[in-house]
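Some notes on the structure that comes next.
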Amino acid sequence: MTTFTKLSEQETPSISVHASRRISKINPNIYAGFTEHMGRCIYGGIYDPGNPLSDENGFRKDVLEALKELNIPVIRYPGGNFTATYHWIDGVGPKDQRPARPELAWLGTETNHFGTDEFMKWCELLGTEPYFCLNFGTGTLDEALAWVEYCNGTKDTYYANLRRKNGREEPYNIKYWALGNEVWGPWQVAQMTKEEYAHKAYQWAKALKLLDPSLKLILCGQDGTASWDYYTLKQCLLPAHSPLSTSTVPLIDMHSIHMYTCGSTHLPNVTAPLAAERAIEITSSLIDLAMIENGIPPDQPRPTICFDEWNVWDPLRAEGSKGAEESYTLSDALAVAIWLNVFVRKSKDVGMACIAQSVNVISPLMTTKDGIIKQTIWWPLYLFSKYMRGWTINAHVSCGAYEGETSPKWIRAVKDTPWLDVSATLGEDGYANVAVVNISDEKDMECKFEGATGDVTVFTVTGDSVSACNMKGKEEVGLTESTWDGKGAYKFPRHSLTLLRWKAE
């Protein structure tokens, strides 16, 4: 938890950190990823058979090794909008017998050469857990139940045996399943009203948990601030109505929300993720309201928020229909750092967050035929995933605030926009970690710092300007490491992310 006192521009900024004041446990799943059959994410990204850089499975070895550096706990698959017309059965069995299908989300052709078993093999090599999204467009409940049976079944049943026939004896035990993707959107095949979706989602959830009670089901929300979110939570945050169950545990475990941010200039761009912080706060209250109105006993688990699509994305700059290949700037990297600060600050409410996406498509990692490029946004992801774990701890920031235009405009009315955006954690290893984003593109911030004990390791991500970017053969934004004695004031460079780390006493 970070609190803020607004100062005049003439007053001296300060940050105080209290490592002994633990606020909430951070779920490591806030550093989750996302791979969709879109653009070059799968084909030409993680899967590129015939490329000299690929292994015997067709998986790009350089991509696997790079993503291991991010220590990604969960990866969402296969979409995204793609799921609304995807039939999982097309993507299993001998590849020469798999049908090619028209793909309606991005208007391509899906070969189905990469499907459930390939993805699971890739996850095992990466050391990550899968999160599957069900087809709520053209899919059926029977099809969804069959997919769960194929993945998790242990009995002598048809789809469990089909998995065994396809070479996998043991069940995959896939835990996380989403009840559709952005079903509210007019771009979706088989878009629904909130009333239609809530009825269908509850019935599917009931059946899925009868088949496998261990599943964690994720409800399809909107952006956390819409009537869709309230209505679907109210209708679906209920226990199963079944003669076989007297449980009072809600069928729904998490509520999904999506948001992408961008701004036409640096300061609206870098402050835009504060809209997500307000959306999390509103969604959290809607979850509480649904539990109260539905009479869910207080001893039952409280659903958390699954922010399973987030990133900086300007669709005009990187059109989805053309593969959404963003070229990220330092400004975007600082915005991603603030996104991550938000998830740390709101760790009590956020159970998972999936950056969209993990390779090539609005991604920190780009592939070429002969290598990879770590974009500017790679570095905040790397630092946060490596160090910002454990518990959120108390920090207080006193500094001036940006008072100009924001994107969206309503941020100005509901959130402070300090020049220094901060989150703080205490790791299992006993180290305190403080992430500070100086959003100013003009001014270094000399800041009184209280709470550091002993020598401080300092990691800095910055560049010559907010427009600096990384491309093949030219890395303008990277990571530097230094030390500080932890005494007095620290100067946070303009347009930078700084992570301070020390052994707490």
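If you go along the chain as it appears here, the first residue is 1 and each next one adds 1.
Keep in mind that glycine also has a Cβ here, set from the backbone N, Cα and C atoms.
Annotation note: Asn81 (N-linked glycosylation site) sits in a helical segment as assigned by DSSP. Asn81 (N-linked glycosylation site): 22 other CB atoms within 10 A of its CB, across all protein chains. Residues or ranges marked as N-linked glycosylation site by Swiss-Prot on the basis of sequence analysis: Asn81 (among others).
The DSSP secondary structure for Asn152 (N-linked glycosylation site) is helix. All protein chains considered, the CB of Asn152 (N-linked glycosylation site) has 20 other CB atoms within 10 Å. The N-linked glycosylation site feature in Swiss-Prot is assigned to Asn152 (among others).
Under a cutoff of 8 A between CB atoms, and with a sequence separation of 6+ in the same chain, the neighbours of Asn269 (N-linked glycosylation site) are Thr261, Cys262, Gly263, Val312, Ser331, Asp332, Ala335, Ser407. Taken from Swiss-Prot, the feature N-linked glycosylation site applies to Asn269 (among others), supported by sequence analysis.
Taking Cβ-Cβ distances under 8 Å and a sequence gap of 6 or more within the same chain, the neighbours of Asn438 (N-linked glycosylation site) are Trp419, Leu420, Asp444, Met445, Phe492, Pro493, Arg494, His495, Ser496, Thr498. The N-linked glycosylation site annotation in Swiss-Prot covers Asn438 (among others) and rests on sequence analysis.
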> If H, G and I count as helix, E and B as strand, and all else as coil, what does DSSP give for Asn438 (N-linked glycosylation site)?
Replying inline: strand
> What's the CA-CA gap between Asn81 (N-linked glycosylation site) and Asn152 (N-linked glycosylation site) in angstrom, rounded?
Replying inline: 24
